[in-house]
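If you check TrEMBL, you get these features:
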type	residues	note
TRANSMEM	23-43	transmembrane segment
DOMAIN	30-477	domain 'Major facilitator superfamily (MFS) profile'
TRANSMEM	84-102	transmembrane segment
TRANSMEM	114-134	transmembrane segment
TRANSMEM	140-161	transmembrane segment
TRANSMEM	173-191	transmembrane segment
TRANSMEM	203-224	transmembrane segment
TRANSMEM	286-310	transmembrane segment
TRANSMEM	322-344	transmembrane segment
TRANSMEM	351-373	transmembrane segment
TRANSMEM	385-407	transmembrane segment
TRANSMEM	427-446	transmembrane segment
TRANSMEM	452-473	transmembrane segment
Amino acid sequence: MAGGHFGPAGVAKERAEQYQGRVTVSVIIACVVAAVGGSLFGYDIGISGGVTSMDGFLLKFFPGVYEKKKRVHENNYCKYNDQGLSSFTSSLYLAGLVASLIASPVTRTYGRRASIICGGVSFLIGATLNASAANLAMLLLGRIMLGVGIGFGNQAVPVYLSEMAPTHLRGALNMMFQLATTTGIFTANMINYGTQKLDPWGWRLSLGLAAVPAVLMTVGGILLPETPNSLIERGMQDKGRKVLEKIRGTKNVDAEFEDMVDASELANSIKHPFRNILIKRNRPQLVMAILLPAFQILTGINSILFYAPVLFQSMGFGGNASLYSSAVTGAVLCSSTFITIATVDRVGRRFLLISGGIQMIICQVIVSVILGLKFGDNQHLSKGFSVLVVVMICLFVLAFGWSWGGLGWTIPSEIFPLETRSAGQSITVAVNLLFTFVIAQSFLSLLCAFKFGIFLFFAGWILLMTIFVFFFLPETKGVPIEEMIFLWRKHWFWKRIVPGNPGGGTAE
């Protein structure tokens, strides 16, 4: 609808001060159960690196890598450089990228729960195929099904959490997704530590146990209530109002309900959300949906989490020691999420992102210097420097956990207006998985080529993203999800781009 002057204008005035309600048991339960979807993503990130360093797994599917690993006089940085092995890890993320785009119309048309259920079922199928894999084709098919599950889950769960949570606690409750992700990573690391002793079939148990969070997510999706935003958008206003009253614990929800109705009227006038997301009114949200997930991956975190056992073995740690070290990093990441939950709605998103970025840069540079001076071909790090590297990596992971780890998902899920929220979240997930795929596929080659410089490569990106946050990301703390448009109109840069008229610049 060109110009948007004769149709629904969306949320036309700020009503945030009139919002009422409290944190209810029902909203806490809904958010905790939904967040289990994050554990699928986390479990896979944690399990992949451990499995790819297990001899039984390498012998069955990648014998060439196994032979290279056993050679004593091998370039420390290049011993695991194999595109087939990288494909095992990264095929999932390419499948997830495609699935996340398919999930958008499903989430919008059939509700957030439908996508959560689809994600759980797909992940369950993938876990079964992987655990019983007899050849590489079966293994990769299982990975693809896991990817479909992650694509649907990561698209729907953050939006579900943002819509269910009360405004003043949206950051903390949305962080449940990151908590589930980091718990999944830590659990996977501990499982790998146990199953690597069950040679040669321990890897099957590691991959098969992914069925547990998949079942939890599927059952949760069936039992959870739909979000009031989704119900109202799909024409079920009375039902949406009842759910809103229940999760807010009060009948007096007029202001929030009116915002949702206004937003749904505009949403239902938009026939093509992906086309609408390109208009000027939505430019700042689109920029954030692309850059924030890309920046999250370019911190280098997934490289450390995917390949932690491989990375530590490359640095001269023994097999058991490398898995133990990666379990420690998983525990640090999990615990760091509690820092964010406690502070995100007090100090705000910007402070956490900037402070976390500074700490990550310092840690990456120190690790790079140690490896550059003390580690090369056919060399092992001394015990003292090995411990220092692990400490620096843990401090890096800690900083990531309280900053980009959760906020890289939280901020994109809370900034889009209702009419483009599903499409926006799909773009966020697709970009995240695209960059995850690229880094997963290229990291072992980059490690071989850059050697210790790989850490400086990621430090450079973290510097860039920290500067971006300082200048271009407004603070979203305490702003109602349906009134986020007013934030961009007040920002020193984005107010030049976002039109003043609430409905201005809309298009079908």
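Even glycines carry a Cβ here, placed using N, Cα and C.
Annotations in TrEMBL come from automatic prediction, not curation.
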Same-chain residues near the transmembrane segment (385-407), Cβ under 8 Å, at least 6 residues beyond its ends: 174-175, 177-179, 181-182, 295-296, 299, 301, 304, 312, 315-317, 325, 328-329, 332-337, 339-340, 343-344, 349, 352-353, 355-357, 359-360, 363-364, 366-367, 370-371, 374-375, 465
Among the ranges 23-43, 114-134, 203-224, 351-373, 452-473, the one whose Cβ pairs under 8 Å to the transmembrane segment (173-191) are most numerous: 23-43
Interface present between the transmembrane segment (452-473) and the transmembrane segment (114-134) (three or more C-beta pairs under 8 A): no
Confidence summary (mean pLDDT) of the domain 'Major facilitator superfamily (MFS) profile' (30-477): 86
Long-range neighbours of the transmembrane segment (23-43), counting only residues six or more past its ends (CB under 8 A): 116, 119-120, 123, 146, 149-150, 153-154, 156-157, 160-161, 164-166, 169, 173, 176-188, 209-210, 213-214, 216-217, 220-221, 223-225, 246-249
Long-range environment of the transmembrane segment (203-224) - Cβ separation under 8 angstroms, sequence gap at least 6: 30, 33-34, 36-37, 39-40, 43-44, 47, 50-51, 54, 56-57, 113-114, 116-117, 119-121, 123-124, 126-128, 130-133, 142, 146, 149, 153, 160, 184, 188, 191-192, 195
Cβ-Cβ under 8 Å with the transmembrane segment (140-161): same-chain residues at least 6 beyond its ends: 31, 34-35, 37-38, 40-41, 44, 87-88, 91-104, 106-107, 112-116, 118-130, 133, 173-174, 176-177, 207, 210, 214, 217, 224, 227, 409-410, 412-413, 421-422, 425-426, 429, 432-433
